[in-house]
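Chemist: Can you keep this structure in mind? I'll have questions shortly.
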Amino acid sequence: MNSSTLIELTQQHGTPLYVYDGSIIRRQVKSLQDAFADVDMRIKYACKANTNLAILRLMRELGVEIDVVSMGEMQMALLAGYAPEQLTFTPSGVPFEEVREAVEAGAKINVDSLPLLEWFGQNYGDTQPCLIRLKPNVAAGGNAKIMTGHSDSKFGISVLLLDDIMNIVERYNLKIIGLHQHTGSDIKEADAFLQASEVIFKAAMRFPDLEIIDLGGGFKVSYKPGDTTTDMQRLGAEITRGFQDFCQSYGRELQLWFEPGKYLVSECGQLLVQATVIKEDPARDFVHVDSGLNHLIRPMMYGSYHHILNLSNPDGPARNYDVVGYICETDTFATDRELPEVRPGDILAFLNAGAYGFTMSSHYNARYRPAEVLVDEGEARLVRRHETLDDLLRTQLDLN
Ligand SMILES: *Cc1c(COP(=O)(O)O)cnc(C)c1O
């Protein structure tokens, strides 16, 4: 999407505005499919990254299935036209009644704790197949807050408890059709995936009914020019080799699942904002924008880097700025960032805003959340309208 198209979209729909480029989603899906062309690979989009129904429908059109972490996400996937059997529910310590709802809705379940496995056995015995989420005790990922597979992580059942798992499985005659792991996010080293997959393959030999090995998500994407990313071709070749060897020893061809979130949607999205006030302080220069951590919380929550473009003045002289939001809270998008000179009214683009952008947004400070536009196959479509006061008040009961 070129700058003039993006600026036009802000003139049409206002700022702040999320804009998604469908061609990038298509490219990412294809690169994953190409890298694993030699095995029966299925993509289960971790839709917590972006649940706009237009994005979910595009995923469906591309043959991508869905991993959900709540009933709300499941309802959205169903609304987007998915069949229940295309959905996997990967809960994290949720009330068991929620798991019952997901089973009744027809989704596959990733069991993430021994108590849930026990409950599953008591309630369903051998009538309801499920997958087990293992914690491989591998530290992987770009950031301590987003590592999920190391031994102290809350996610999944430690592989060290395999005997306890087998105990419950045998007691209730549970049919375990898959083993799952998700080691973290921003993993660029193929080694981490390989290490974790070896742990899973080894454990898998104890489960005779497997149909699926699910290696999770967490592939790293590019955040700034020249960034290293997951080399998908190489990762594909190496995992394919390990997986084929495993299938041979296991005695059967299994499905290989991945659950990428970021990899599919991070780069497709930009958050477009407008510079409001340029504050030239003795210490540093601030650019205030008409958005904040209520719309894109990743910089404040994870210290994430989002590359920023000045779409209105790309050839301006370079200056260094702190780019800050309008929320009454420390609300910094970027510190000491070199940008082409920013003038009040300029449109700035925060890149990599397609994943964990809108879905993590809030009404904090009683601000409206942004609208969303999907640009795909030559057409720009508003896929979420701007909010109004009614959206802030919808659930309040003491209106007068
Ligand atoms: C969040 C999540 C993912 C996706 O992680 P990304 O880093 O966005 O690829 C995959 N699987 C599970 C179970 C998750 O919770």
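Glycine too: its Cβ is placed from the backbone N, Cα and C atoms.
As listed in TrEMBL for this protein:
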type: ACT_SITE; residues: C328; note: active site, proton donor
type: BINDING; residues: G218, Y356; note: pyridoxal 5'-phosphate binding site
type: BINDING; residues: R298, Y302, E329, Y356; note: substrate binding site
type: DOMAIN; residues: 18-354; note: domain 'Orn/DAP/Arg decarboxylase 2 C-terminal'
type: DOMAIN; residues: 25-266; note: domain 'Orn/DAP/Arg decarboxylase 2 N-terminal'
type: MOD_RES; residues: K48; note: N6-(pyridoxal phosphate)lysine
Chemist: List, in sequence order, the same-chain residues at least six positions removed whose CB sits under 8 Å from that of E329 (substrate binding site)?
Modeler: G292, L293, Y364
Chemist: So among K48, G218, R298, Y302, Y356, all listed as recorded positions, which is physically nearest to C328 (active site, proton donor)? Use the C-alpha atoms.
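Modeler: Of all the candidates listed, R298 is nearest in space.
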Chemist: Which of the recorded positions listed here (K48, G218, Y356) have a Cα atom within 10 Å of the Cα of R298 (substrate binding site)?
Modeler: Y356
Chemist: Just the binding-site residues from G218, E329, Y356 whose C-beta lies under 6 Å from any atom of ligand 1, please, or none if there are none.
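Modeler: Only G218 qualify.
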Chemist: Can you tell me how far the Cα of Y356 (pyridoxal 5'-phosphate binding site) sits from the Cα of Y302 (substrate binding site), in Å?
Modeler: 11
Chemist: Return the residues near the residue listed as 'N6-(pyridoxal phosphate)lysine' by Cβ distance under 8 Å, restricted to its own chain and a separation of at least 6 in sequence.
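Modeler: Set apart from the residue listed as 'N6-(pyridoxal phosphate)lysine' by at least 6 residues yet with Cβ under 8 Å, we have V68, V69, E73, G261, Y356, T359.
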Chemist: Summarise the model's confidence over the domain 'Orn/DAP/Arg decarboxylase 2 N-terminal' (25-266) as a mean pLDDT value.
Modeler: 92
Chemist: Could you give the Cα-Cα distance between G218 (pyridoxal 5'-phosphate binding site) and Y302 (substrate binding site), in whole Å?
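Modeler: The Cα atom of G218 (pyridoxal 5'-phosphate binding site) is 15 Å away from the Cα atom of Y302 (substrate binding site).
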Chemist: If we count other C-beta atoms within 10 Å, could you say which of the binding-site residues Y302, Y356 has the fewest?
Modeler: Y302
Chemist: Would you mind checking how many other C-beta atoms are within 10 angstroms of the C-beta on G218 (pyridoxal 5'-phosphate binding site)?
Modeler: 30
Chemist: Using a 10 Å radius around each Cβ and counting other Cβ atoms from all shown chains, which of the recorded positions R298, C328 yields the largest count?
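Modeler: The residue with the most neighbouring Cβ atoms within 10 Å is R298.
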Chemist: May I ask you to report the DSSP-based helix, strand or coil state of G218 (pyridoxal 5'-phosphate binding site)?
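Modeler: Where G218 (pyridoxal 5'-phosphate binding site) sits, the three-state DSSP reduction gives coil.
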